[in-house]
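Annotated features in TrEMBL:
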- Asp28: active site (ACT_SITE)
- Asp28, Lys208: UDP-alpha-D-glucose binding site (BINDING)
- Lys209, Asp233: Mn(2+) binding site (BINDING)
- Asp398: active site (ACT_SITE)
- 475-494: transmembrane segment (TRANSMEM)
- 506-530: transmembrane segment (TRANSMEM)
- 542-560: transmembrane segment (TRANSMEM)
- 593-616: transmembrane segment (TRANSMEM)
- 628-649: transmembrane segment (TRANSMEM)
- 661-681: transmembrane segment (TRANSMEM)
Amino acid sequence: MLYTMNSILSILTTDYPVDKYATYFSDDGGSLVHYEGLQLAAEFAASWVPFCRKHCVEPRAPESYFWAKMRGEYAGSAPKEFLDDHRRMRAAYEEFKARLDGLSAAIEQRSEVCNRANGKDKEECANATWMADGCTQWQGTWIKPAKGHRKGHHPAILQVMLDQPSKDPELGMTASSDHPLDFSAVDARLPMLVYIAREKRPGYDHQKKAGAMNVQLRVSALLSNAPFIINFDGDHYVNNSQAFRAAMCLMLDPRDGADTAFVQFPQRFDDVDPTDRYCNHNRMFFDATLLGLNGIQGPSFVGTGCMFRRVALYSADPPRWRPDDAKEAKASHYRPNMFGKSTSFINSMPAAANQERSVPSPPTVGEVELADTMTCAYEDGTEWGNDVGWVYNIATEDVVTGFRLHRTGWRSTYCAMEPDAFRGTAPINLTERLYQILRWSGGSLEMFFSRFCPLLAGRRLHPMQRVAYINMTTYPVSTFFILMYYFYPVMWLFQGEFYIQRPFQTFALFVVVIIATVELIGMVEIRWAGLTLLDWVRNEQFYIIGTTGVYPMAMLHILLRSFGIKGVSFKLTAKKLTSGARERLAELYDVQWVLLLVPTVVVMAVNVAAIGAAAGKAIAGRWSAAQVAGAASGLVFNVWMLLLLYPFALGIMGRWSKRPYILFVVLVTAVAATASVYVALAGSLP
């Protein structure tokens, strides 16, 4: 929860006109802990936001700011007050963290007291969870689940924590004994902050993240209705307070801005190990692939750190594809009950299309109508999750939603900036990382075999963009060919001689030229994208790791789905946050043995055994130097495989991987043992 509240605080302090944006927090579990945590964050923001504005601090997520090892030059307006304000602000933040940590215990203790006080008269209150006033039961999930108050079964909750501020600046308080920080020359206004917990009912498919995003889309239309929206995962925060302005510059660009549906920022991560063992940064994808797509129709949507044009999510056509006649355009776009039965929501849509309008005060919308847009049944018979909003019933709802916009003619834009616009956390445990890749690869194949297949898109999708999406949705199929490559070098495990293509010199020259050309292209690509050689190596290694155990599982998922079976369950990625880098990196050495690891272990074992068998053959057969040299051409494949699987080998070693030389000793010992067994067996045969 600490990281989530830091995300909220970083958004509240972003450098953007405070009266022109609002923050919506979606709590899909309906937890009182999150509700009261947001209240505490709003209270802390009253000091944190003016502090950030006064001293121009970066980043503006307090956890990241106070633990940063290096900071830039001071850019604020009161350098003499900075050290004293910094000390007091840090003390206030530590108190805020302590209150957050104690929320669960405080709520449980409060509820026990209230239940004892009310239990005699109201038996149904025996397990209730009570709010801070001590007389109101929490509508959402209770600590001890009860009917109508459990996970997946609770009413909708909507609470405006901070009202929309006025358009004119409001200076803060002067320093006093109760308020030691002087904000008398600082605008102390806070942006609008809203808590949302949508209704959950048994028997409904709530569509996970996509369903929650669509509820937010409707609620925000009724409360603020900004023409542009930006979404964040709960573990990401604003790292550069200018990020919103950068995205708006691209959205309002007079050249292609009007046809831009979304601006995608690359994902950046904190607390990844220095060598990026499991390719968490994925720089080849974010900084090379997405940047390359920017020259066609734009990058794909990758789930977080993305600014959208609201009307694009409503399935409106981009300006360049709209009919000239306004009536014809409206008739071709709207269909009966496409958006549901909320009159206020439908009436808000024309205003959302006007990006140059001034932001009005929140419209007066009845609580009943607001609550109606958050119910489970609101989307029945509508196009929500289909042609409106985020797409449902697919693991990679982000990529599919972006594809739907590209398919209708919209373009997107890639935006990278320094410092990084947003940062977050990534799974640094091997098993969690593989589960993440399984969800991506399985969802990609689902997309290809669905109605969102790139082959079926119309003429509005750019031809090269279509090719890019085909590659993006079919890459797990490469596992068939890579597996043959994996097991080619096991010839040493069998009797007899393996003949390579003759004449060997010509064949070897052909292979060298092909491989050198591919690697040269890779070098040019990383040079163009400004990446390092380590980024490229990690990308190659984890691609090979994925094709051994993850992609075959993704193929199995699609095969089962084709027979009407549920398929593989995609485990959500666990992303934890701890207070220090030492504890955070401890997850790197955790080993969680699951079936997903077995195929890669088999590939490693087979290649190690093949090297041992080759050594055993050389010893038992008393090979000449020429024979050994000839065998080296085959052994290079085995060694290359082990080098590519090196990060995986470290991962399954757990804490022993802190001493990589142990892995070398183990491999040499395994090769020697295999060779000895082979020699012994060869000597015992007649």
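From the backbone N, Cα and C atoms, a Cβ is placed for every residue, glycine too.
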Sequence-remote partners of the transmembrane segment (661-681) [C-beta within less than 8 Å, at least six residues beyond its ends]: 608-609, 611-613, 615-617, 619-620, 642, 646, 649-650, 653
CB contacts for Lys209 (Mn(2+) binding site) [other CB atoms within 10 A, all chains]: 18
Cβ neighbour count within 10 Å of Asp28 (active site): 19
Beyond the flanks of the transmembrane segment (593-616) by at least 6 residues, Cβ under 8 Å: 430-431, 434-435, 438, 486-487, 489-493, 545, 548-550, 552-553, 631, 634-635, 638-639, 641-642, 645, 648-649, 652, 667, 670-679, 682
Of the recorded positions listed as Asp28, Asp233, Asp398, the one whose CA lies nearest the CA of Lys208 (UDP-alpha-D-glucose binding site): Asp28
Pairwise CA distance, Lys209 (Mn(2+) binding site) versus Asp398 (active site), rounded so that it is a whole Å: 10
C-alpha spacing of Asp398 (active site) relative to Asp28 (active site), in angstrom: 18
Between Asp398 (active site) and Asp233 (Mn(2+) binding site): CA-CA distance (Å): 12
Number of Cβ atoms other than its own within 10 Å, given for Asp398 (active site): 24
C-beta crowding around Asp233 (Mn(2+) binding site), within 10 angstroms: 18
